[in-house]
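Student: I have a structure I would like to understand better, so I am pasting it below and will then ask my questions one at a time.
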Amino acid sequence: MTSFQPTAEFAAELDAQDALRDFRNQFHIPLAPNGQPSIYLCGNSLGLQPKAARAAVEQEFESWEKLGVEGHFHGTSPWMHYHETLTASTARLVGAKPVEVVVMNNLTTNLHLLLVSFYQPTATRYKVLMEGGAFPSDQYALESQARLHGLAPDEAIVELRPRAGEHTLRTEDIVATIQELGDSLATVILGGVNYYTGQAFDMAAITRAGHAVGAMVGFDLAHAAGNLLLHLHDWDVDFACWCSYKYLNSGPGGTSGVFVHERFAERPDLLRLAGWWGHDPADRFQMKKGFRPMTGAAGWQLSNAQIFPMAIHRAALALVDEAGGMPALRRKSEQLTAYLEYLVRRLELPATVLEIITPADPAARGCQLSMLVHQNGRQLFDFLAAAGIIADWREPNVIRLAPVPLYNSFGDVQRAGQVLAEWAAGKAK
Ligand SMILES: *Cc1c(COP(=O)(O)O)cnc(C)c1O
């Protein structure tokens, strides 16, 4: 890795050796104002459109057009069982058994559904641990969950904060906080990857620590699914959910995935908000009283499947599988991000100008590098945009760049580095 070079020729060599290089052609790459394909480094926010997505949706339009209600039972992929066609890929994606996953709803909805089951505070065990400055939807979800149980959010929610002068959390500090909270801790809910800093958490260690004090442990994997190698079952995680439109390229507002550990698969007594699609299919259509949940994560379903977003998701997941799954994607991802890091570091900008706040340890990050730009960050962001580089801006002053292994090339990263170098040279004048 230390033998990187900043030249376009060097990047072209890496691209020539990249076994995944042709997957880029399976995506629509938005054009920059100059008519050239943009350098799209924003897959952490919205992944690009797989070319196969349109035909997948059109197929369901056709079933609806030709079959009407019979599309539930006939057609190329009957809607009645449509969601089940996502199970195998989803289980592979997150390191789960098929019974532990289901695709349904949207992320924040699923977070609430899971918290109803896995955050059940009592008089003495009522605290919930999360990241300070977590994604706002997660903060609002937790606040309202606390209130649902008659608790003041400030009393129930404990927020983790980095040490003074640091930007990310240390695993040892997370574990120490869990131990301190001890018997008062009901639930731990962290991001798998923090959306702002790009830090990937040690989910196995955090889960162990949580379980050791008798707490439930779950993760919001919005920025981790399709990004990290996940082993949710082996890590013994209790519950998790994620969206499909970031690293999973399944379109704006796309559907969401859920993981519930196998040990809860046969727990009809576990409180949940119920709907007919989670009911035992043997008598779902008897329309009788008395909810009996299906085995596994499927027992958390509420509604009949959203066929159109799921059609996109299925096409997108097929690409992940075709590429060799997360092990293959992760291998390229580590190299892409390391190359980007090299190109930023070689500018040797003082930390008072620009600082990478994402951990340098590849095991503690995914695709994304977050750059804290202390002066004129917005100007740099606009400079990148004018050069056809689509990054993303987070208030107050962070630029996130996320080279994605399925459709970004080393050439993309090299070009981004070159534009950053032009900006840095302009500053030096
Ligand atoms: C992207 C993201 C969300 C978005 O939630 P939706 O319900 O899909 O709108 C929530 N939480 C985290 C951590 C995210 O990164």
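Just so it is clear, glycine is given a Cβ too, placed from its N, Cα and C backbone atoms.
Curation plays no part in TrEMBL annotations; they are all automatic predictions.
Keep in mind that this is a model prediction, so the values were computed, not measured.
From TrEMBL, here are the annotated features:
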BINDING   LEU107, THR108, PHE135, PRO136, SER137, ASP138, ASP220, HIS223, TYR245, TRP276, ASN304  pyridoxal 5'-phosphate binding site
MOD_RES   LYS246  N6-(pyridoxal phosphate)lysine
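In terms of burial and nearby residues, how do these features look in this structure?
Tutor: Taking the Cβ of LEU107 (pyridoxal 5'-phosphate binding site) as centre and 10 Å as the limit, one finds 27 other Cβ atoms among all the protein chains shown.
Classification of LYS246 (N6-(pyridoxal phosphate)lysine) by DSSP places it in coil, neither helical nor stranded.
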Student: Out of PHE135, TYR245, give me whichever of these binding-site residues has the highest number of other Cβ atoms within 10 Å.
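Tutor: Most Cβ neighbours within 10 Å: TYR245.
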Student: Sequence gap of 6 or more, Cβ distance under 8 Å: name the residues on the same chain that satisfy this around LYS246 (N6-(pyridoxal phosphate)lysine), in order along the sequence.
Tutor: GLY43, ASN44, SER45, LEU46, GLY47, ALA222, HIS223, ALA225, GLY226, ASN227
Student: Among the binding-site residues SER137, ASP220, whose Cβ has the fewest other Cβ atoms within 10 Å?
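Tutor: Taking SER137, ASP220 as the binding-site residues, the minimal 10 Å Cβ count falls on SER137.
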